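Heads up, the thing below is written out as structure tokens.
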Amino acid sequence: MRGAMRRCAAQLYKTRRLPEAATDSFSQPIQIMDDREILPKALSPVNYKLHLHSIDTSANTYLGQEVIDFVAKESTNKVHLNYKPGCVKVTKASGTIQGTNSVSVDDIDHNDAKETLTLTLSADIPKGAEAQISLEFSADIQSNMAGFYRSRYKGDNGEDLVMLSTQFESSDARRAFPCIDEPNQKASFELSIEIPHEGWTALSNMPVASESVSESGKKVVTYEKAPKMSTYLFAWALGEFEYIEDFTDRTYNGKKLPVRVYTTKGLKEQGRLALQSATKIIDFFSTVFGIDYVLPKCDLLAVHEFTHGAMENWGLITYRTTAVLFDEETSESAYKTRVVYVVAHELAHQWFGNLVTMDWWNELWLNEGFATWVGWFAVDHLYPEWDVFSRFVSEALQQALALDGLRGSHPIEVPVRSGLEVDQIFDHISYLKGASSIRMLSTNLGVDTFLKGVSQYLKKHQYGNAKTTDLWAALADVSGVDVAKQMHNWTNKIGFPILDAKYASEGDKSRIQLSQRRFLASGDVTAEEDTTVWWIPLAVSTGKDKAPRHESLTDRTGEVSDLGDGFFKLNKDQVGVYRVCYSEELLDRIGKFASELSNKDKVGLVADAGAAALEGSGSSASLLNLIKQIGVSSETDHYVWSEIISRLRAIRTAWSEGDEEIKNSITAFARKIVEPVVNTLRWTTEAQDDYVWIENRALIFSMAVDLGIESVVSEAQKRFKQWVAGDKSSIHPSLRRAVYSANIQYAQGEDLQAVYQYLVKEVNDSETVDGRELAASALGKVKTSDLIAQNLDMLLQVKIPVQDVHSLVNQLAANPAARSTTWEFFKKNWDTLYKEYASNMIIFERLIRLLLTSLVSEKDYNDVKAFFKDKDQSGFDRAVQQGLDTIKTRYQWTKRDTPVVQQWLAKYQ
């Protein structure tokens with residue numbers, strides 16, 4: 001959801017701000033501080049008044065009139081603003097001081113590289129004075145999902161239609177109008193829009209205040225003034241919209257709050273799940289935060305082209321269609337959790353991010369980490385039967401640790417010099433490691449105490465900006481715990497610890513000897529990289545239904561004693577953000593007590609064993625043995641199976657370019673693990689089948705297809721033929737992914753061509769909201785060279801909607817039959833692909849990351865390194881480094897452990 005490509009056309013002349021020459025620094029277009037490049041702060045924005053008119057959806061242009069109110073902190077005759085070259089052009093400018101003294105603008109200097117313009121006034125604005133700058137500008141409606149942009153979609157009769165909306169985070173408000181585009185330069189906003197077409201609706205952060213008619217006879221909508229907020233949260237949208245509406249149970253300022261889901265025509269009823277969730281979540285957050293939702297309305301808008309999942313614009317939250325729309329009859333079941341969670345995440349931002357905003361982008365995690373944790377917290381409140389924190393452990397925590405285990409990771413709080421650099425840190429560290437750290441801390445303090453501190457923090461800093469230290473201070477105040485000391489290394493240092501745990505016993509007493517060190521998946525951490533000592537909450541489990549023993553490790557080494565001779569496991573429910581490498585004896589002992597493990601503990605045990613095997617401190621044989629122990633133990637939990645399958649996929653990927661014997665042995669082992677549970681499942685769906693069971697069936701059948709289990713493949717092929725013949729009851733929505741996959745992988749001849757053409761049609765014109773993503777993903781699983789080539793040609797010709805190309809590339813890169821071809825294709829067509837996709841660097845960075853992190857061999861590593869050596873990697877350098885780290889880790893694993901894996905598999909079979 002965050003921003004677009006950054007190019008520098010010129011080198012900025014830099015002048016540092018010197019105390020004895022403060023006035024001079026305010027004359028420079030960019031002020032160079034110790035940790036950031038920002039606009040000079042002689043003027044502070046108070047209010048923006050913006051009128052948009054002459055919106056032309058054919059020429060993709062519009063005009064704007066803008067008045068910015070300032071207060072002068074220092075005397076200056078310079079007004080510094082952000083703008084995006086090529087997107088916005090100022091055509092007229094003037095000013096007033098103290099409301100009466102008119103001043104002219106003698107000069108406008110542009111710095112395209114830093115995206116700034118400097119207006120030189122004919123007179124100084126005295127310190128403490130109020131001033132206004134009036135601007136007229138022309139601008140382009142964008143087509144790359146950044147700034148003020150258009151989305152294309154099909155109408156009911158197949159006609160091509162457009163809607164318009166904004167996406168300003170992180171630094172793209174400047175694409176739409178000149179402004180001070182920095183998060184701590186908050187101001188109020190007044191907006192009016194001339195609506196370009198009959199039947200269109202215009203939306204913004206606030207309710208409509210009035211309507212009028214322009215000189216050209218078009219409707220003009222004026223909105224109520226929005227409260228102080230950052231520019232990235234300002235928003236508007238126009239289109240042929242319809243809506244459904246409901247109200248909160250609680251009252252706000254004497255009235256129940258109206259909540260609406262807006263869509264283009266024909267889709268509004270699919271917003272029911274989001275709507276019923278949103279009204280409850282707003283009430284829930286108002287209660288737990290101790291602060292009522294502050295705006296007079298809340299709108300959720302489905303946008304047809306969107307880079308991420310959603311954007312938390314205050315009062316007008318925008319979403320990718322699959323993140324807000326869900327149809328019980330046609331949508332894949334996995335999207336149900338996604339919709340409820342994403343709605344909760346964005347609503348959390350209305351407090352944590354909007355009401356109180358991080359001071360600068362280096363503390364992005366304050367927005368995203370907290371919203372991620374409390375989003376899952378809200379889902380758990382609404383749907384406790386979903387056991388979403390087991391999902392959190394199997395997905396969010398593991399993704400965070402996987403990225404943070406790479407040398408190319410970064411701390412949660414990462415230095416950001418410029419707002420133009422921030423897009424790459426909207427990643428699993430800011431979101432998922434941040435959320436996991438919040439979960440660890442809130443559990444340690446007690447959730448009620450933690451939320452009491454959050455409430456204090458929000459009340460103290462509302463309508464302003466804050467830093468991580470402000471949150472720690474509030475939490476320390478309510479808990480009496482030195483939170484800053486406990487959490488400093490978790491947020492300010494790269495990586496996380498792994499605990500080496502060894503078992504020792506004397507008579508009927510036993511203990512675990514512990515030592516902590518930094519985990520690197522490549523297994524080659526240096527002494528210089530391993531200097532951090534973390535505070536580690538141990539939470540020793542002695543049974544799934546028993547409260548854990550709360551102890552902590554604050555030194556390099558320590559021990560847990562007096563454990564007796566029964567069951568025990570460290571890090572109960574995987575609350576701590578760390579791994580444990582158990583000795584082989586200890587891991588085998590814990591595995592025998594599987595009935596005493598909670599679902600979260602089973603997930604964590606398998607995940608930790610997998611990570612330790614990858615790193616080399618653990619044994620791949622122990623990992624395989626643990627998978628066998630849990631997998632064949634009549635395990636039924638969805639999230640445990642999700643982790644088992646994730647580790648089986650990792651093993652298959654790592655050895656996918658090995659000799660046929662070991663590949664076949666790994667596949668045979670995986671089949672023996674998966675097939676027994678396949679035999680307990682059925683294709684029909686009955687009323688008593690709960691949501692999580694349906695999710696698990698989809699997971700198991702999809703893995704069975706990839707393993708070529710004949711009973712599943714043949715049934716999927718039969719049902720697909722019934723489906724295309726018109727029997728829409730033949731495939732439950734949750735099973736489309738598995739059915740598509742079975743047919744594109746195993747069909748032959750004319751049948752394969754028919755499947756392929758069906759999926760291509762789905763990508764471009766699906767009848768269901770999620771059909772495009774599912775079909776694009778399935779296309780990437782094709783095995784024949786001619787169809788792989790057709791897929792790649794669609795990428796080159798941009799015949800797949802840009803927002804969905806990652807679904808195709810992800811599967812092509814993961815597909816052993818297509819992986820090398822796809823990488824060669826990217827190298828050969830680099831310039832064309834860069835031109836087509838890098839106008840939104842978020843999209844392009846995602847493609848590079850997905851492609852590189854699926855490569856497996858030392859040859860791949862050397863090839864990637866050589867290819868990018870002379871490339872400008874601006875905007876995706878982290879993706880390249882993380883890709884290289886992943887490839888290296890993978891080939892080192894297979895080099896080291898191939899004999900161990902071969903020996904274990906031979907013995908097992």
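Using the three backbone atoms N, Cα and C, a Cβ is placed for every residue, glycine included.
What you are looking at is a predicted structure, and each value in this text was computed from that prediction instead of being measured.
Listed in TrEMBL:
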DOMAIN    45-233  domain 'Aminopeptidase N-like N-terminal'
DOMAIN    274-490  domain 'Peptidase M1 membrane alanine aminopeptidase'
BINDING   His345, His349, Glu368  Zn(2+) binding site
ACT_SITE  Glu346  active site, proton acceptor
SITE      Tyr431  site 'Transition state stabilizer'
DOMAIN    567-888  domain 'ERAP1-like C-terminal'
Residues within 8 Å of the His345, His349, Glu368 Cβ centre (excluding the Zn(2+) site residues themselves): Glu312, Glu346, Ala348, Phe352, Gly353, Asn367, Phe370, Ala371, Thr372, Gly375, Tyr431
Cα-Cα distance linking Tyr431 (site 'Transition state stabilizer') and Glu368 (Zn(2+) binding site), given in Å to the nearest integer: 5
Fewest other Cβ within 10 angstroms of its own Cβ, chosen from the binding-site residues His345, His349: His349
His349 (Zn(2+) binding site) to Tyr431 (site 'Transition state stabilizer') - Cα separation in whole Å: 13
Pairwise CA distance, the residue listed as 'active site, proton acceptor' versus Tyr431 (site 'Transition state stabilizer'), rounded so that it is a whole Å: 13
Lowest local Cβ density among Glu346, Glu368, Tyr431, which the record lists as recorded positions, within 10 Å: Tyr431
Rounded to the nearest Å - Cα separation of Tyr431 (site 'Transition state stabilizer') and His345 (Zn(2+) binding site): 11
